[in-house]
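Visitor: If you scroll down you'll find the structure; I have some questions about it.
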Amino acid sequence: MKFTSVLAAGTAAVLALGLTACGSGGGGDDAGGTDAVTITVLPKNLGNPYFEASTTGAEEAGEELGVTVEEVGPDTASPDAQVPFINTAAQQGVGALVVSANDPTAIGDALEEARSAGTKVVTFDSDTEPQFRDIFVNQASPEGIADKQLELVAEQIGGEGEIAILSASANATNQNAWIALMEEKLASDYPDIELVETVYGDDDDQTSFDKTAALLQSHPDLKGIVSPTTVGIAAAARYVSTSEYKGKVAVTGLGTPNQMREYVEDGTVEAFALWNPTDLGYLATQAAAALAAGDITGEEGDTFEAGRLGEFTVGADGEVLLGDPYVYDEANIGDFDF
Amino acid sequence: MRSVLRRREAGIALALLVVIGVTTAVQPGFLLTANGWRDLLLTPAILVVLAVGQAVVVITRNVDLSVGSVLGLTAYLTGRLFIAEPDLPIVVVTLVAVAAGALLGLINGSIVAFARVPALVITLGTLYVYRGVTLTWAGSDRIDAADMPHPFLALGTQQVLGVPVLTVVAAIVLAAVAYYLHTSRGGRQLYAIGSDPDAAALQGLPVRRRLLGAFALGGALAGLAGVMFAARYGTVSSGAGLGMELQVVGAVVVGGVAIFGGSGTVAGAALGAMLLLTINRALPVVGIPDFWQRAVVGVLIIGAIALDRVLANRRSRRLAAERDADPPATSPPGGAAPPGGAAPPGAGPNDREEATT
């Protein structure tokens, strides 16, 4: 135990020295000129296939724009793990920082410092509080997510019947917002579809799995399950794929291709939705480059060209919306690996 | 016959039957469809295996809180093995996971047996250590169903003569451990150690060796449960088995294994596991709202323990009454003297009088 802490302290000291060294060097470069823009991409953590996909998009944008894109990040997605990386980037004087925040406030001070040094900050996937960044590239609007899931389930159950929702935890803000929107939309646009129950799987494989079993048992006429959480949809699909309900009860919602591949291939799941993280990283990097070049400032109404994705407009609170969620099905699931 | 009915296990089995009966009355599909029947047997299988291992540890007056983390680590290991070597036979993967679990259990056991620190503290520590190892190894990575071979995933739901394979595995584990505990010298020594560790040591029982064995067995079974988890759920993230230790300890306690060691059976623990999970599954079916379900489960655990306490008190009163009873003037209410009360235990005259009547 003692040995570990000594080792840790030593590592920290070495790192600190390293950072200082980098800092002075980087500062000098920045003063020299801004022709070679560097964009640092800071995902929640490294080794996460989702962010590997978004970084691929970022690098693609970097190549197209002729800017250097560099990925750094912590091993685990803990709230303040990103702070040292933000500090380093600020000291290096990078043109822009593209970050998926592990915490809306914990990295705020570090981001503010970076911005006062002239670095532009774009958040993507997961936002900080608005005052800490210039632009947030939002993967999808709550309305878009709610609409797309209802569209999918309605299509898969033939427009009428009982459905249920398998959510994450009962106090997950985004889940509850989506569910409320789905309820509204069901009442207004889908009169023949009845939402019979919403259950909570706590984003735990086992709980979600058991809740799915209970749902199917307590509602024998259930025709579809919508799970707006990646853990939930995979667990529901796993249960349905090995039960007599396979092919009779539709499972859809928000999932990742790797988790769902098995169930799309065996016919349990027809289609599910999620944004496309590669596009998300691509757009965030395009926005960062536009900010660093001074083309936009992040004001509402600013417009910029984002390569193959076309033109985007900055909305209220500095938000840029990627668009409607992307639908994954048997035809395209093989193209993705995250 | 009466002693069989009085057994704690009979009470739990009865409760289990009542739960199944009531739920089936409300929703016939709970039992009477192929799916309902399968889930009834299949869902508790993993917890039964864990509870059997935990019962062995608890009988020695210890506890292993790290089983959830051991399960998580071995389940992830199972997935990684299949990713690295997709053609590895399932038996080999299972053996590796069981061995890994046994090793982790042995680490727990060594610290408990040699450092003489309460198992509660040690295994609370290793709970975090083992989970930390899994988190470091897995990060936000996950084992998906597509990463594991189909025959392995099929084991998670396959049935033999209407009984799921995982349930068969759990039953074999239960029978083997029950047989060992009941008949072998080593098994009986575990009870002796749990009843009074100091006395066991004074008597020359190999306390350390037995403790190591108990923890290693608990760990090995958690490893087996990890393999079963991977096969059943098809997805393993770094959070697999999180919080399961509480369910396991709950099952063991509900199953009538005394938390202070020395008494209880693995069959009781297994029944406790089945009861807890069946109640869990039954509550939504009978229409208890999602948010209330945990509260109901908690009340049931407390109820089970309270019942246990009442029964234990009554039994000790009865024993004390039998011991203190003076045949010429038997007064049942007076028999409620606190144990170890008035009459000096083993007093000569009493013995003689009892022998004559």
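Just so you know, glycine gets a Cβ as well, placed from its N, Cα and C.
Okay, these came from TrEMBL:
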TRANSMEM  B:41-58  transmembrane segment
TRANSMEM  B:65-83  transmembrane segment
TRANSMEM  B:89-107  transmembrane segment
TRANSMEM  B:119-140  transmembrane segment
TRANSMEM  B:160-181  transmembrane segment
TRANSMEM  B:211-231  transmembrane segment
TRANSMEM  B:251-279  transmembrane segment
REGION    B:318-357  region 'Disordered'
Visitor: Establish whether the number of Cβ pairs under 8 Å between the transmembrane segment (B:89-107) and the transmembrane segment (B:251-279) reaches at least three, counting only pairs separated by 6 or more residues.
Guide: no
Visitor: At a C-beta cut-off of under 8 Å, are there same-chain residues at least 6 beyond the transmembrane segment (B:160-181) that contact it? List them, or none.
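Guide: Same-chain residues near the transmembrane segment (B:160-181) but 6 or more away: 37-38, 41-42, 44-46, 48-49, 52-53, 56, 59, 187-188, 190-191, 217, 221, 224, 228, 231-232, 265-267, 270.
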Visitor: Which range wins on Cβ pairs under 8 Å with the transmembrane segment (B:211-231): B:41-58, B:65-83, B:119-140, B:251-279?
Guide: B:65-83
